[in-house]
Amino acid sequence: MPCLDIAQVARASGVPASTLRFYEEKGLIASLGRRGLRRLFDACVLERLALIALGRAAGFSLEEIGRVFADGGQTIDRRLLLAKADELDRRIQRLSAMRDGLRHAAHCRAPSHPQCPTFQRIVRAAGSGAFERRQADADAAAHGAVPPRKRRARKRAA
């Protein structure tokens, strides 16, 4: 495979050279060496960068992506994929509820938003921290932890 210098990789992938250097520092990609002051990469780095972009778009952290590449990307932890898919489902559900609330507010026939019962319910839920608690519970469950509210309840019961 041909070698590409860092400028060529940046141009072909759309990833800034500074990000390429950062990814190399994190072990996500590897250069072959240098030609003068420019890092050289195997052309297959473009596929690796596409996989990194796909992972980031799906919500994977760089650390999680690094774990996927740890054994050369030969095997992928299916549990990690399922957990991320579940997390995306929860995010979609929350965003869908917010979208529906915004659409309702935009089309509501109430004289003003404060007079709309649906809008009032949304505001109360946001003000009470219900959205944040649901997010914290979902995040904890996704990582196999006990949600914060259940931990507090267990402490009080003990």
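Please read every residue number as a count from 1 along the shown chain.
Yeah, the Cβs are placed from backbone N, Cα and C, and that goes for glycine too.
Bear in mind that TrEMBL entries carry predicted annotations, made automatically and left uncurated.
These figures come from a predicted structure and were not determined experimentally.
What TrEMBL records for 1-71 is domain 'HTH merR-type'. For the domain 'HTH merR-type' (1-71), the model gives a mean pLDDT of 92.
According to TrEMBL, the feature coiled coil maps to 78-105.
The annotation region 'Disordered' is assigned in TrEMBL to 134-158.
Taken from TrEMBL, the feature compositional bias 'Basic residues' applies to 148-158.
Using DSSP to sort the residues of the domain 'HTH merR-type' (1-71) gives these counts of helix, strand and coil: 38 helix, 11 strand, 22 coil.
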